[in-house]
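Here TrEMBL flags 1-25 as signal peptide. Taken from TrEMBL, the feature transmembrane segment covers 312-334, 394-413, 419-444, 456-476, 488-515, 546-572, 578-601, 613-637, 657-683.
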Amino acid sequence: MAMASSSLRMSTVFLVVLLLVHVAGHSPAAAFYLPGSYPQRYRPGDALAAKVNSLTSPTSKLPYPYYSLPFCAPGDGVRRAAESLGELLLGDRIETSPYRFSMLNSTAAPLFLCRTDPLDAGAAALLRSRIDDAYQVNLLLDTLPAVRYVRNLAVSPELVLRSTGFPVGVRADDGEYYVYNHLRLTVLVNRQNVSTRVETLMATADAAELISFSGGSGGGKDGGKDGGYTVVGFEVVPCSVDREEAAFNGVEMYDEVAAKATAGCEATVVGARVREDKPLVFTYEVRFAESDVAWPSRWDAYLDMGGAKVHWFSILNSIVVVAFLAAIVLVILLRTVRRDLAQYEELGGGGGVESGEAAADDLAAAAGWKLVAGDVFREPSHPLLLCVMVGDGVRILGMGVVTILFAALGFMSPACRGALVTGMLCFYLVLGVAAGYTSVALWKTMRQGDAAGWKAVAWTASLAFPGAGFAVFTALNGVLWHNGSTGAVPFLLFVVVILLWFFVSVPLTLAGGLLASRARHLDLPVKPTKIRRHVPSPPAPACSPWLLVAAAGTLPFGTLFIELFFIMSSLWLGRVYYVFGFLLVVLALLVAVCAEVSVVLTYMGLCVEDWRWWWRAFFASGSVAIYILAYAVYYLVFDLHSLAGPVSAVLYLGYSLLMALAVMLATGAVGLAASFCFVYYLFSTVKLD
């Protein structure tokens with residue numbers, strides 16, 4: 001136990017240090033921030049500053065820094081915003097921008113930002129390349145992304161499309177490239193009334209802020225009457241306006257320019273052409289508008305999924321169909337097993353030689369699973385690999401359940417960028433205990449209580465799947481590094497991930513293995529015989545059990561393929577996915593279906609006197625990964641057909657392979673656990689000679 005306590009101490013100290021470092025880099029209010037409970041309030045005249053995130057594209061999976069293009073920088077220099085671990089892993093690079101304004105102070109005229117240096121051949125070519133790849137500029141204000149509304153005139157004049165961000169530019173029908181160099185920004189604000197507002201005071205900086213708004217002396221013109229204003233919306237209309245360079249001689253940043261300088265700011269009109277040896281002039285204007293949208297509801301416009309009725313109806317229909325099929329399978333299985341048990345009881349009760357022989361014939365015809373009692377718990381081939389895969393599957397499944405549960409309860413709000421990825425990583429690290437314990441416990445059970453070799457099992461469990469995932473991650477990260485993308489994890493964060501693996505995940509996995517090696521093992525109802533029983537050959541190749549295993553994955557895949565479409569669209573097309581309540585229900589149904597499918601195939605194998613059920617039970621439910629990977633290829637060909645370049649395709653296939661492997665381990669662990677419980681119950685119920 002000394003080794004376990006030492007490992008736990010090391011992991012605890014390392015996590016505490018990381019927590020202290022994280023808290024030290026944030027204000028006290030941010031340290032205790034719970035999404036949805038701490039609105040940022042502004043007085044009239046308070047400064048607001050928009051931030052910029054990485055340039056992203058629906059056709060290229062390589063995000064790039066905003067200032068990699070010739071855009072205007074703040075006068076006091078570009079500063080990086082504090083980002084969480086999840087944001088960095090997702091490729092976010094949030095930086096300050098020159099777009100600044102004051103609360104409720106709409107601009108009377110456009111404001112000048114800057115005039116760039118004349119574009120050289122490289123800068124002009126880079127701009128054209130980013131425009132061809134449909135890269136988007138992502139502005140943020142008070143954590144809200146800028147939203148752009150566009151009328152789809154090709155379909156219907158009344159159809160309005162909503163998207164976050166705006167394009168860098170556009171390529172016109174004449175083949176020329178134009179940059180959006182003027183922004184019309186609209187900030188939607190909600191007035192907070194103290195007399196009607198109900199707030200919960202927490203142990204944060206909220207108290208001081210409430211006092212300053214509620215009473216007395218300081219503040220703007222409405223400081224004593226209301227609770228200030230909150231930002232509830234951020235809209236942008238990009239324009240491409242041709243400018244006369246001479247009109248901006250001697251103009252400083254944030255100086256007002258003549259309104260005629262931005263004439264022609266229409267969505268269908270472009271004028272700022274990308275030309276070599278010519279500078280670009282950037283301007284913007286801002287308008288404030290009061291909105292009835294309450295601060296807790298400000299994300300509704302972003303989380304409103306398109307085609308929600310179709311989505312919900314399809315999910316509900318899938319759940320009903322799969323649940324009905326699963327219920328039928330379960331009823332048939334229970335009736336069959338009960339009939340077998342009843343026949344065995346009749347056989348054991350006697351009744352004459354002839355009746356006994358007839359009963360034996362009927363029994364042999366009904367099921368042959370009792371004949372393999374001496375081999376059913378025999379150690380499978382490659383037991384260490386199976387134990388490790390099951391242990392990693394338990395860890396991945398636990399991580400998914402806890403993460404989805406927290407997200408469904410609202411603890412991982414989109415207002416807290418990167419919270420989902422950070423939570424998944426933390427849960428995965430902590431659940432190393434479950435992986436080590438499960439792997440070693442299964443190892444001991446297979447070996448009838450003999451714990452010899454448990455250290456090799458625990459070490460392999462701590463390094464196998466994390467090592468495979470880290471290898472794929474490193475290879476893909478190298479591709480991103482080579483292309484200069486912000487999606488590449490910084491070197492220091494890369495080192496932190498390695499330290500988390502070796503100083504948190506590995507010790508916790510070893511500690512779980514040690515606990516399992518010292519715990520009492522499960523006594524098997526029957527002991528394996530010394531001589532292996534011959535397994536009859538299938539009557540035809542079409543009856544191969546592995547063909548049934550491959551086909552069994554269709555039922556679990558039918559449970560989640562609709563949800564998988566929306567998840568893939570969220571990951572690769574930039575669409576929002578925030579129906580974690582339904583995802584939790586689908587996950588529960590998936591676990592039930594995987595368990596039932598695995599049990600059915602295990603029982604079918606035992607009935608034909610095939611006692612080698614361990615690996616088949618794992619892959620009966622784990623084979624759903626084959627269909628997920630096939631669907632990923634289908635999605636690449638038919639939904640991501642505009643994907644730009646082989647690099648994006650490599651990234652897509654690499655991450656899809658990693659996702660399919662994780663699903664295989666999780667569902668395989670469920671199938672093996674269900675089959676083991678079934679076999680254990682079956683052979684502990686029957687009296688064996």
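Just so you know, glycine gets a Cβ as well, placed from its N, Cα and C.
No contact links the transmembrane segment (394-413) to the transmembrane segment (546-572), because fewer than 3 Cβ pairs that are 6 or more residues apart lie under 8 A.
Counting Cβ pairs closer than 8 Å and at least 6 residues apart in sequence, the transmembrane segment (456-476) and the transmembrane segment (657-683) reach three or more and so form a contact. Of the Cβ pairs linking the transmembrane segment (578-601) with the transmembrane segment (488-515) and spaced 6 or more residues apart, fewer than 3 are under 8 Å, so the two regions do not touch. If you count C-beta pairs under 8 angstroms between the transmembrane segment (657-683) and each of 419-444, 488-515, 546-572, 613-637, the highest count goes to 613-637. Sequence-distant neighbours of the transmembrane segment (546-572) (same chain, 6+ residues past either end, Cβ-Cβ under 8 Å): 61, 305, 311, 314-315, 318-319, 321-322, 325, 579, 582-583, 586, 589-590, 593-594, 597-598, 601, 604, 616, 619-628, 631-632, 635, 639-640, 652, 655, 667.
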